[in-house]
Amino acid sequence: MAEKRNIFLVGPMGAGKSTIGRQLAQQLNMEFFDSDQEIERRTGADVGWVFDVEGEEGFRDREEKVINELTEKQGIVLATGGGSVKSRETRNRLSARGVVVYLETTIEKQLARTQRDKKRPLLQVDEPPREVLEALAKERNPLYEEIADVTIRTDDQSAKVVANQIINMLESN
């Protein structure tokens, strides 16, 4: 089995970070964290509310602090928020404190996976979701690529299949 080192999942919304992260943690008998869920737990409010009240900048400040604390732990799987990589500090911490896995997917898959999810503040706007996702991809994909140790496409694969691919890649490195 892969040694117990931190595994950090990055990628766009709808790539499957939380679902795959839970599966991966279960298979490796590691503790799982989701940075968005941790923010919700600490604030007692959902991410959308935090965005509405504090704005994206306030949310990103919280996210940076949460990810800093979580990445200091050992032997965890962490699903990060899609925009967490906007922070250079967060990118540096993720790179230094574990293996970064970029879960890549298409805009079409993102649209299919997020269309009924009202907990995506960046999609609760007047612009068409495709345009929002394309703009986010243009901004963030280079940042995911910059820190990724491993990149895996998640398009038509189950969480278990992707988790197994990650485990196999970790064991071969």
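Glycine is treated like the rest: Cβ placed from N, Cα and C.
Computed from a predicted structure; not experimentally measured.
The annotation ATP binding site is assigned in Swiss-Prot to G14, A15, G16, K17, S18, T19, R120, Q157 on the grounds of sequence analysis. Other Cβ atoms within 10 Å of the Cβ of Q157 (ATP binding site) number 16 in total over all chains.
Positions annotated as Mg(2+) binding site by Swiss-Prot, on the basis of sequence analysis: S18. Long-range C-beta contacts of S18 (ATP binding site), restricted to its own chain and to partners at least six residues apart, with a cutoff below 8 Å, comprise D34, D36, Q37, A79.
If you look up Swiss-Prot, you'll see D36, R60, G82, R140 marked as substrate binding site. For D36 (substrate binding site), the count of additional Cβ atoms within 10 Å of its Cβ stands at 22 [all protein chains shown].
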Rounded distance in angstrom between the Cα atoms of K17 (ATP binding site) and R140 (substrate binding site): 15
Cβ neighbour count (within 10 Å, all chains shown) around G16 (ATP binding site): 24
Cα separation, G14 (ATP binding site) to G82 (substrate binding site) (Å, whole number): 9
